[in-house]
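Just below is one structure, and these are the notes that go with it.
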Amino acid sequence: MRRYGVEPMLMIDANMQFGPLAVTLIVSWLWRRRSELGPLLISGLTVLTGATVHVTRPEWAQPIIVTTGVAVALVAMLGGTALRLRVSERVYAALVVACTGSWIAFASAHGPFNSPMPALLAAGTLVLALPWWVHRRRRTRVRVERTLAAWPEISHAIGLTGSRVQSAFVDLWGYRARIGLARGQTVEHAMGRIPEIESALGTRRGAVRVQPIPERANRMEIRVIETDPHADAIGWTGPSVTSITDPIELGVFEDGTPVRVSFLRRHGLFGGVSGSGKSGGQNVLLGNLTACADTIVWGVDLKRGMELLPWASCLDRIATTPREAEALFRDAVAILDARAETLAMQGLRVWEPTPDAPALVIITDEYAELSDEAPVALAHADSIARRGRAPAVQLVIATQRPSQKTMGNSAVRSQMDIRVSYRVRERRDVDLILGQGMHKAGWHADKLDAPGKFLISSPEHDIPRRARGYLLEDDTVQRAAQRHADRRPTLDEVSRQALNNVHPDEPREQPNRKNAHDADAALLAALDDAPDEGIGLADLLRATGMSRATLYRRLAQLEDEGRAQQTRRGRWRATDSNHNP
Ligand SMILES: Nc1ncnc2c1ncn2[C@@H]1O[C@H](COP(=O)(O)OP(=O)(O)OP(=O)(O)O)[C@@H](O)[C@H]1O
């Protein structure tokens, strides 16, 4: 972090004599080049110190060596935390201290101008100055310093006269400056002048972000993004959690820091236009939730399972028709009620998810479809949204535009604790997804310019910072689903009992049920007998009597084993070597 004062200004008087003028110009030039001249300055001070010690205290050579050793150790150990130096920078700083201290020690004993001291000094200065001169971060810092030195004029041009640069920090992706505003000035004013700020700072278009600093209304942060970490898709490298009690990593902010958000006992909303990356975001979430041994995931996908089917082997239950969706939400409410009752009886406030008592997360892709096709499901979802947090029965919904109508005039939207907005078409859609007044407060999701980019509002993220979600390619989804399928928990006794009470005549499918073997045999036979174009899922469900989730899980396993193949979406048959048309 660098503190910024007002740069000394060059005052030239028309009546100035040549001598003072020349001195002023030279001093000004030296001041502006102080960073580049740093090695020469250190070299000069080293000679001066060596000469002084040699004349006054030549016996100090040994203590100087010891002090140098201590200084080297301090730089190496504390340079990272105290000076925010990277490892390479710390090594460099320690080397400079070691060489300078050693030279002074020898010079004090042998004299700084006796051979080979001058030659050593010249060679050392050159060798150690080269990395300094070429160091990218230093050069950026100098450039930033010079740019920000012009802030008094810039602030005047953008109507923020009197505001001051308080500090600036250069990072991997650009730099950010904290600005102290003058009396009565607001961050909102600066947000409206971003194009002017970009022009004044000489950045590319779209490089400047203005962010409020929540705890101080008279401060703001200006971020200049010189290298965009979001320029390319960022591949997902695997789940960041094994428990829903840990924050899940959804992507990366513009400054390269990860977007971590806790989904524990919270509902989530993913909104944005078609193609903006909502399903991509859900995939990241699914990749993490299915890795959690204390979380059961149910899926609702009325686009006939297109988005959630690849995860079928990890979903305890999946609804792809309005009727199934209504049943699923009704059952979730039954679980919620039973858990709430259990908590009350035990005098507990919240459900703590564990592998034996998992959280239940219901992920719904394109929620708006429910209002048209399954209105009863909406009423149940409304109940879950209002009461589901404490018993850990949670909703995560994706929708293009969460208007009152598409949300079924329910309280669902207002109950969402985590709001993720991908690109929207109109400003007012920002307020629909993120909340009233958010666009005015700087949450400009209408300016997001690539799929997967989002703004997130949640208890831990309350300022608008652009992020980009990780991208899961199809084969990554397949591998993750395969890896996580074996580690899925089952519903706890309280929830199972609740389901049995809802369906007294339909005992819930148990993993060890007696006819599982017959069902499997029926599945293999149906796949064997399937025509070349494959047999549809509805026929397979009828032929096997399996639940939809079990059927998907078995089909995924058979596909992995090379025994079954999908001829096109939703149609299956045995692979050629096993096929018996
Ligand atoms: N995080 C990401 N990084 C890079 N590209 C992405 C990312 N997320 C999505 N995309 C790209 O954008 C395309 C559309 O994304 P996605 O299907 O997630 O959008 P959507 O909002 O769910 O659309 P729809 O509402 O039509 O389902 C994807 O095929 C993918 O190529």
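For all residues, glycine too, the Cβ spot is worked out from N, Cα and C.
Database features (TrEMBL):
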type	residues	note
BINDING	Gly272, Val273, Ser274, Gly275, Ser276, Gly277, Lys278, Ser279	ATP binding site
COMPBIAS	483-495	compositional bias 'Basic and acidic residues'
COMPBIAS	503-516	compositional bias 'Basic and acidic residues'
DOMAIN	256-431	domain 'FtsK'
REGION	479-516	region 'Disordered'
REGION	560-581	region 'Disordered'
TRANSMEM	12-31	transmembrane segment
TRANSMEM	60-79	transmembrane segment
TRANSMEM	91-111	transmembrane segment
TRANSMEM	117-134	transmembrane segment
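Residue environment of Lys278 (ATP binding site) contains 28 other Cβ atoms, counted within 10 Å of its Cβ in all protein chains. Sequence-distant neighbours of Val273 (ATP binding site) (same chain, 6+ apart, CB under 8 A from its CB) are Gln400, Tyr422, Arg423, Val424, Arg425. Residues 42, 46-47, 49-51, 53-54, 57-58, 60-62, 64-65, 67-69, 71-72, 75-76, 79, 83, 85, 117, 120-121, 124, 128, 131-132 of the same chain sit 6 or more residues outside the transmembrane segment (91-111) yet have a Cβ under 8 Å from a Cβ within it. Under 8 Å from some Cβ of the transmembrane segment (117-134) lie the Cβ atoms of residues 36, 38-40, 42-43, 46-47, 50, 92, 95-96, 99, 103, 106-107, 110-111, all in the same chain and six or more residues away from its ends.
Within 8 Å of the Cβ centroid of the ATP site, not counting the listed residues Gly272, Val273, Ser274, Gly275, Ser276, Gly277, Lys278, Ser279, the chain contributes Gly280, Gln400, Tyr422, Arg423, Pro451. Ser276 (ATP binding site) counts 24 other C-beta atoms within 10 Å of its own C-beta, drawing on all protein chains shown.
Neighbour density at the Cβ, taken as the number of other Cβ atoms within 10 Å, is lowest among the binding-site residues Gly275, Gly277 for Gly275. Cβ crowding, taken as the number of other Cβ atoms within 10 Å, peaks at Ser279 among the binding-site residues Ser274, Ser279. The compositional bias 'Basic and acidic residues' (483-495): residue composition by secondary structure is 6 helix, 0 strand, 7 coil, according to DSSP.
Taking Cβ-Cβ distances under 8 Å and a sequence separation of 6 or more, the neighbours of Gly272 (ATP binding site) in its chain are Lys278, Gln400, Ser421, Tyr422, Arg423, Val424, Ile433, Ala445, Phe454.
Over the domain 'FtsK' (256-431) the predicted model carries a mean pLDDT of 92.
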